[in-house]
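**Student:** Features from TrEMBL:
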- 300-315: compositional bias 'Polar residues' (COMPBIAS)
- 323-333: compositional bias 'Low complexity' (COMPBIAS)
- 300-333: region 'Disordered' (REGION)
- 12-28: transmembrane segment (TRANSMEM)
- 48-69: transmembrane segment (TRANSMEM)
- 75-101: transmembrane segment (TRANSMEM)
- 108-128: transmembrane segment (TRANSMEM)
- 148-166: transmembrane segment (TRANSMEM)
- 178-200: transmembrane segment (TRANSMEM)
- 212-232: transmembrane segment (TRANSMEM)
- 244-264: transmembrane segment (TRANSMEM)
- 276-293: transmembrane segment (TRANSMEM)
């Protein structure tokens, strides 16, 4: 194995720090959302009372710090290496959710998280090296090639369908709607963040990249995508279990980001059949972890409910689908 370059080490440190901050922000923000939901409409119902809640802002600031560290990491290391390290945020979110929010995660759910981490690590260890980028105009050229334009068009169409058709009908009962919007837009965000980070890094080195309009277009894309992600992530956190939102969001976000990176930067062109097969095994491992989380979604809270039905909020269970039978049984008590 080749020795890591100084830039990759810097990127690694920044990416790990980012995961710690972002993983913690999930819990802090949800605590604020729950407090805001007591005195007004919940975020999942279109309410914005959380904007007056200090806990939510504390979580937002924590997330911003994490995103800044993540942003800086893309200036030093390839996206296909930085993005999967977000798996560490799953660990912090799950542990904090267990102790702070009293959200139980069954041991099979923990195994699912481990599978997600192992699969992501496999992908990282066998990921191709990113090609050298010397100008933001070079990134613009890659982003406007037919392959990535087609991918971007598909993402935009699917996101619009999720927002205007599926979200009003299934958003509160199917977590995949909210997470899908955030993950798809996130893949475009990372590609634009990479471009902006490169522009900043080159500008500090003496080659001003912000004299080109391309850099400003990437900044606009980052802003729009981030606002959409924040809005729908809030709704997901308000309606579903944090301990499962984190790993599922991570799996989908990482998958779409790696796919976007392979299309845009043509990473597949430099890989052997063995490397591609190993990466596919990593994807299968991640999907297996997601499936295990889905099948054991209620087990963590079932033991708690047998000891005391009032200890678990009915809106927190189940995770992926809030069944009508659950609501009816609670309303009859």
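The backbone N, Cα and C atoms fix where each Cβ goes, and this holds for glycine too.
Curation does not apply to TrEMBL; its annotations are automatic.
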**Student:** Tell me if the transmembrane segment (12-28) touches the transmembrane segment (75-101). I count contact as 3 or more CB pairs below 8 A, with pairs 6 or more residues apart.
**Tutor:** yes
**Student:** Would the transmembrane segment (276-293) count as touching the transmembrane segment (108-128), i.e. at least 3 C-beta pairs under 8 angstroms with sequence separation of 6+?
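**Tutor:** Between the transmembrane segment (276-293) and the transmembrane segment (108-128), which are separate recorded stretches, there is contact, as judged by 3 or more close Cβ pairs.
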**Student:** Do any residues of this chain, six or more beyond the ends of the transmembrane segment (244-264), have a C-beta under 8 angstroms from a C-beta of it, and if so which?
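**Tutor:** Same-chain residues near the transmembrane segment (244-264) but 6 or more away: 23, 26, 78-80, 83-84, 86-87, 89-90, 93-94, 105, 109, 112-113, 116, 120, 123, 142-143, 145, 147-148, 151, 155, 175-176, 179-180, 182-184, 186-188, 190-191, 233, 236-237, 283, 286-287, 289-290, 293, 297, 319-320.
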**Student:** By a Cβ-Cβ criterion of under 8 Å, what residues six or more beyond either terminus of the transmembrane segment (178-200) are in contact with it?
**Tutor:** 70-72, 74-75, 79, 83, 133, 136, 139-140, 143, 148, 152, 155, 158-159, 162-163, 167, 171, 209-210, 214-215, 218-219, 221-222, 225-226, 228-229, 232-233, 235-236, 239-240, 245, 248-249, 252-253, 255-257, 259-261, 264
**Student:** Quick test of the contact rule: Cβ under 8 Å, at least six residues beyond the ends. What residues does that give for the transmembrane segment (12-28)?
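**Tutor:** Distant Cβ neighbours of the transmembrane segment (12-28) are 4, 55-56, 58-60, 62-63, 65-67, 69-70, 72-73, 76-77, 81-82, 85-93, 96-97, 100-101, 237, 242, 245-246.
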